[in-house]
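*Asks:* Feature table excerpt (TrEMBL):
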type	residues	note
BINDING	His66, Asp104, His312, Glu316	divalent metal cation binding site
Amino acid sequence: MDLRELVSALNDFASLSLAESWDNVGLLVEPSPPHTVNTLFLTNDLTEEVMEEAVQKKADLILSYHPPIFTPLKRVTWKTWKERLVVRALENRIGIYSPHTAYDAIPHGVNNWLTKGFGPCTSIPLHPSTAPNFPAESTHRVEFCADDEHLDAVLSKIKDIQEISCLTTFPARVEGEEQTRVSLNCSQKALLEVVALLSQNSLLYHKTEILLLQKPLLAHTGMGRLCTLSEPVSLSDITERIKSHLQLPHIRIALGVGRTLESPVKKAAVCAGSGSSVLKGTEADLYLTGEMSHHDVLDAVANGISVILCEHSNTERGFLTELRDVLATHVQNKINIIVSEKDRDPLQVA
């Protein structure tokens, strides 16, 4: 596939608009066009060892779940390991694409895969995503009624205000009088100007309605998951299930106050990677994530919530095998998709 065709397909699979605002997602390194992709190489972290593996396996595009370029690079030299990744990629005509938190949010993404470790359960996002482009850039709708005497003058002044859209007028009958109802969408900044204009006429101002436009929530889409298990399961059994699902010999566990390994787990909150900010404040029997700050673990435990930590990328990496199969179908098996064998979490139990 042509690189741009494949990138378009990847964006269709998981819209980059779902990624967090602080993230750096999409095509990060692009060889000069035209660039054909025969082999797509999947990894959780793009280290130098993984880059050498990608070169040896003649990858044309690396999909790195974590963006290897996150903070801006001021230069591209051989001095630092992240700069060297870019050099090696361009020397070998390998593109680099990162989806990161877009894959966290989608219904068929990383967090959904992580919940499968619990066994039969239903889940909802902890922080639902909103429709990205609705209602455009407008935040408020303003509606008011005016008679013919004031209508033209008001409309003329409103049309001079920036960041106003969907301006419409239609007949209305108010207290037995024929008038015109005006409706418009506007930004927060424009709202102040519209209200200031209408407040100059007490009759218009008292007939004004201001509505907050809220973007609709996307079904099954968002950060984290709150899982309700079909049947309560003891914490010790949950621990074994998680270890089996993530293929880990060891995990870390903190027991909530008043809890034991035989305490039942009915609700579990999940966040792949670093889950402190996503999980905080959620009512559940258990938090499952890769890493949390010491004080956030203490807070959870004090509230009777047990915590399982598996190290950051261990809660993400296993998804790549499932992703390989799903993406193969998504691109109609037009390219070869392989998963890195060198990619691993940097932390090991000694």
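Using the three backbone atoms N, Cα and C, a Cβ is placed for every residue, glycine included.
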*Asks:* Below 8 Å Cβ to Cβ and six or more residues apart, same chain only. Which residues does that give for His66 (divalent metal cation binding site)?
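*Replies:* For His66 (divalent metal cation binding site), the qualifying residues are Asn44, Asp45, Leu46, Ser98, His100, Ser313.
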*Asks:* Within a 10 Å radius around the Cβ, which one of these binding-site residues has the most neighbouring Cβ atoms: Asp104, Glu316?
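*Replies:* Selected residue: Asp104.
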*Asks:* Counting every protein chain present, what is the number of Cβ atoms, excluding its own, within 10 Å of the Cβ of His312 (divalent metal cation binding site)?
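*Replies:* Around His312 (divalent metal cation binding site), other Cβ atoms within 10 Å: 21.
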*Asks:* Which residues, in sequence order, are found in the same chain with Cβ within 8 Å of the centroid defined by the Cβ atoms of His66, Asp104, His312, Glu316 at the divalent metal cation site, excluding those residues themselves?
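*Replies:* So the additional residues around the site are Asn44, Tyr65, His100, Val110, Ala272, Gly273, Ser274, Gly290, Ser313, Thr315.
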